[in-house]
Amino acid sequence: MDVDSIFKNTEETNKKRNPEEADSLEPASSRRRLAEENSDEENEEFDEEGGRFFGSGLKKSEKTVLDFLDEQEAQEEPASLTPTELKRMVVRLEKTINNNQELRIKYSTSPQRFIESEADLDLEIRSFNVLSEYPILIPIFLKLDCVSTFLELMNHENADITITVLELLIELTDEDVDPDALNSLFTSLIDSGLLPLLSNTIKRFDESNEEDRHGVYCVLSLMENLLSVDNSICSIIVENTTLVEWLLSRSSVDETSISTNLQYAVEILAIILANSKEAKLKVCNLNGIDLLLRRISPYRLRDPTQGSEEEMMENVFDCLCSLVQETKGKSLFLKEEGIELCILNMKHKGKSRYSTIKVLDYLLFGPLSTPYCIRFVEAGGLKYIFAAFMKISAADTLEHILAILASLFRSLPADTVERVRFLRKFIENDFEKMKRLFKIYDRLRIQLKGIDQSRKLDFSPDSEEKSTKWFLQQIDHGLFPFQSTVLILSWLCVENTVTLKKIKMLFSEASIPIDELTDALKNYHENLEEPTVESEEVEANDSYYRIDEKPMVTVLLGSMQASV
């Protein structure tokens with residue numbers, strides 16, 4: 001049967017329906033006979049059950065052919081990849097690679113003579129995508145040294161081949177792949193030098209070209225997959241590649257409309273910084289604090305647009321959160337007037353305010369944070385952090401605000417103008433800040449008591465897993481913000497008689513023994529670890545005292561017990 005002649009014959013299918021036939025008064029049998037003589041298409045178009053739009057639009061002969069093809073497909077069993085077929089695929093790939101190389105050498109000045117071989121090579125590489133559905137064959141894939149083959153192909157002169165290999169590796173390292181197979185493939189890729197190769201590959205691409213932009217995206221996507229398997233490779237990325245430098249440089253590029261690659265580069269940089277101290281120090285040395293502050297500077301005046309720009313902004317703030325956890329990062333943040341920018345962001349009350357508060361939390365926390373706390377007060381930060389404290393109810397942001405207030409109590413030197421200004425904020429407007437603080441304390445106290453009661457009813461054998469489970473339950477129900485409220489209320493008790501009197505009144509009105517506050521502080525103290533001093537911290541901030549948490553709380557607890 002000539003299938004082409006059937007589908008290409010338009011003589012009948014192009015006929016128009018005769019309105020006179022539709023209005024015919026002939027018996028139904030005569031009309032059916034007439035329709036059969038003309039074409040099944042007319043019957044399909046005016047099917048009584050569904051109207052012409054529900055018909056198949058096919059003649060009987062065409063429908064017969066399609067039914068036959070459907071039956072043939074139904075009878076065929078879906079092909080499955082076997083070890084033997086995988087070996088054949090590898091052999092075909094090697095032959096295609098060799099053929100392409102020979103033609104490239106032979107016709108180096110005539111690309112049209114070898115372009116077909118590269119199309120064949122592209123198809124052979126893509127054929128390996130199916131391997132992600134057969135993780136049991138990954139060991140054979142590795143034994144056949146396919147990793148080396150594909151990594152060599154990443155250096156191919158044709159960037160399209162490089163991109164096809166990247167797409168294959170993305171597919172094979174997807175999180176949905178069997179964990180055991182993924183881990184073995186991951187180890188082989190890292191041991192074979194994939195990370196330095198990615199560093200060189202990403203520099204090959206010119207993002208002014210659409211295909212190359214896709215290549216950059218593929219490198220970033222593969223990096224994300226690898227980091228999700230094991231983020232310990234961050235140390236290799238820092239020591240053996242220039243990927244951090246590239247990511248920082250790409251993150252600082254100004255774009256009128258934030259591109260996917262810019263957003264992705266900042267996201268990958270944030271992941272690396274969150275998992276590597278070496279990366280944090282490297283970015284600090286590369287003037288990264290200044291570059292990232294410039295990146296978020298526009299948001300002191302406007303909000304980012306939804307989508308890529310907003311996500312990019314959040315990732316930049318995450319980068320800064322990681323950097324200011326290091327002593328060097330804190331110092332550079334102060335030097336580059338990061339605190340002043342944060343205050344402008346809080347003043348704007350836009351989307352950046354919440355992320356700004358998070359950065360300030362990490363900046364002001366720590367044993368060497370006195371200069372940053374002083375600068376925060378000097379720059380006028382108290383007005384805006386307390387305004388946020390009184391209005392913001394989102395649990396995660398409120399947790400950061402409470403931590404900031406606790407850090408200010410910890411680090412602002414006694415009998416200084418900055419500390420006096422800070423204390424006055426709790427007293428002004430009829431103690432409104434203290435009243436709100438107490439309400440938060442009481443709400444969190446009740447939540448955590450509920451967890452303690454549930455734990456007492458858990459009669460399963462004691463184990464580390466059980467302890468972890470209940471500790472996580474406490475965290476979910478506000479353990480950390482509760483600890484901050486305990487510290488703040490305790491400081492207010494020992495600062496002066498006015499604040500102590502007000503706190504006693506608040507506890508009395510709520511029928512809560514103030515001894516509960518002392519007990520909560522004691523419990524917090526017992527769970528603190530002994531302080532450790534890192535080498536770079538010894539050299540930093542020698543003009544200020546080091547204030548470690550446990551010794552500070554020890555003194556606070558003694559003063560608290562004496563006061564109440």
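Every residue, even glycine, has its Cβ placed from backbone N, Cα and C.
According to Swiss-Prot, the listed position annotated as phosphoserine out of Ser39, Ser208, Ser308, Ser463 is Ser39. Note on the repeat 'HEAT 1' (83-133): its mean pLDDT in the predicted model is 93. For the repeat 'HEAT 2' (138-177), the list of distant contacts is 83, 86-87, 90, 93-94, 97, 104, 118, 121-122, 125-126, 128-129, 131-132, 184-186, 188-189, 192-194, 197, 201, 204-205, 211-212, 214-215, 218-219, 221-222, 225-226, 228-229: same-chain residues at least six beyond its ends, Cβ to Cβ under 8 Å. Applying DSSP to the repeat 'HEAT 2' (138-177) sorts its residues as follows: 28 helix, 0 strand, 12 coil.
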